[in-house]
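Structure record follows, encoded as structure tokens.
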């Protein structure tokens, strides 16, 4: 019995060891189910591995594509910025905006000012781009311009021409719609004058400097025309200042960069003046022409009397710079006059705007327009009243006469109640 019981017990222990391994003496056996469970749970993750890899690759591709698009936009934005000569165009916009403010009355139309500046900016960008399209070979020969988008090959001439045409057409259309036809015509004329007259003339004759001065004097007229829809004598103050200012400004630049201009094939006044004396005298003469502009602005009612004094002092300072250039035509004095001209223009324009008086002609036109509108409105009201009266007269008469007792009771004694009148038919 004992042996049989022992045998049975040993058999039971063997069966139990097979079904439930001893975790103390055989730990690997205890970990086997866990490993099998992990392996079974890791099967789906292994299957999902390609999906994660594909998503990662797609995200990388999208980021690369976005990076390439941003690079392209940055590249062309930079090219458009340089083709438009944005800083020079901003100066043109400033002069046009100043002309708009000077041509306004007591109140300045901010929306009209913004539209005028935007249209001027687009037209100026178009003109500067066309200038570079026509001068690719010349710019490639000059150190100052050889890194521009067209000589460096960063953009094609056809692309630049399309950009110039689109910007010019959009700017002119904006001025025509939001300002008036006179402003749009001045913008289009200035674009043609700069791109198709001044640009080729630079390679033919030194008179191009004076033609370019005319181009720079038109934007203030454009702004004045956009504000007042007409041009008057007062509108010529700022254009005259810009015209005479550009001569000493550019003469100093042409003297400093004459070797570069000569290499580019341009015909400048300073080429035939090796000593610089004639260039300096031309600069001084045009500075003297600007001296009475402040007095004219005050005398014609454009500004207060303080501007006359300030403008005279500013012009006198620029004239002294030109005089030093005449006495000693050296690059140092030319550079000093050039920097002085850069300071002169914003100071002159700021004084004009600070001391400006409302455009009386603009106010007169507004008043006259209001009177005409009132007269027309009154005439329309009278016509409507006559037409209404005729319609009333054509209607059949339906007047119900009141009984004489009621009239007699109300008229002499209005504080008494009106008697009730009963018609005989009621009985």
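Just so you know, glycine gets a Cβ as well, placed from its N, Cα and C.
Listed ranges 233-257, 333-357, 358-382, 383-407; the one TrEMBL annotates as transmembrane segment is 233-257.
Your range for transmembrane segment, going by TrEMBL and the list 128-147, 208-227, is 208-227.
Residues 76, 79-80, 83-84, 115-116, 118-123, 125-127, 129-130, 132-133, 136, 149, 183-184, 187-188, 191, 222, 226 of the same chain sit 6 or more residues outside the transmembrane segment (155-176) yet have a Cβ under 8 Å from a Cβ within it. Beyond the transmembrane segment (233-257), the same-chain residues lying 6 or more positions past its ends with a Cβ under 8 Å from any Cβ of the stretch are 95, 98-99, 102-103, 144, 209-210, 212-214, 216-221, 224-225, 268-270, 276, 279-280, 282-284, 286-287, 289-290, 293, 296-297, 300-302, 318, 322, 325, 329, 331, 334-335, 337-338, 341-342, 344-345, 348-349, 352, 359, 361. Using a Cβ-Cβ cut-off under 8 Å and counting only residues 6 or more beyond its ends in the same chain, the transmembrane segment (306-326) has close neighbours at 248, 252, 276-277, 280-281, 283-284, 287-288, 290-291, 293-295, 297-298, 333-334, 336-337, 340-341, 344, 347-348, 351-352, 354-355.
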